[in-house]
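Peer 1: The following block contains the structure, expressed as structure tokens.
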């Protein structure tokens, strides 16, 4: 139930997602590759919200569903947070296979891929014949202005070929020696190399879904939400899948800081 003036905006957005045809991300048929469900800690009345699509569809006698070919995104607005509907909030109900994404789940804003899928479904031809623009890095023509692309966070320019403009951002180059980035940038190394990095320090208000955070995009597919750190900080090093890592700093008006160590990985 949505009550004017009481219901939070992200709840309205989430429920609107359902109205537009979205199911929960954590109910995708392929979800077992990405998360585990701690059934012992799930409230009985919420069980249906954790069952995979296939089981739900079979229960209703529906044999097939047409999936959108999009990768699993822990940062989708349609993904529950780690302690959603928990019997004991001291324990998880949803555990990501990559634990570094534990506070990414449950975000309160629409992810890039959420918006892209909506546009692909409801206005796929908005810019057909109106622009020859080719969007880079998985971006797509803005249906409200076909002269520019909508870009994954971290990238900008008309065709997503540039870094996103930022008052504190910039481009740093990793070498064979460890370097340190202190609170706020995008960084790359030469082609054929990757970046090894670790969050060595950080201080953010703690919450599942992270309202104030540093986000690190290290996957080959930059459309995906990176892992967001506000409570949990990975102890181990992470190696990027390409020669680029995007560091996105969102203090959101809070007192926050972080420190990241990085070097080139041959």
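A Cβ is built for glycine as well, from the same backbone N, Cα and C atoms used for every other residue.
Just lifted these from TrEMBL, have a look:
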DOMAIN    1-124  domain 'Peptidase M12A'
BINDING   14, 18, 24  Zn(2+) binding site
ACT_SITE  15  active site
Peer 1: With DSSP, how much of the domain 'Peptidase M12A' (1-124) is helix, how much strand and how much coil, in residues?
Peer 2: 48 helix, 8 strand, 68 coil
Peer 1: Any idea what the Cα distance is from the residue listed as 'active site' over to residue 24 (Zn(2+) binding site), rounded to a whole Å?
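Peer 2: The residue listed as 'active site' and residue 24 (Zn(2+) binding site) have their Cα atoms 10 Å apart.
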Peer 1: Go through 15, 18, 24, our recorded positions, and report the one whose Cβ sees the most other Cβ atoms within 10 Å.
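Peer 2: In terms of Cβ crowding, the pick is 24.
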Peer 1: Enumerate same-chain residues with a sequence separation of six or more from residue 14 (Zn(2+) binding site) and a Cβ-Cβ distance below 8 A; give 'none' if the list is empty.
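Peer 2: Set apart from residue 14 (Zn(2+) binding site) by at least 6 residues yet with Cβ under 8 Å, we have 77, 78.
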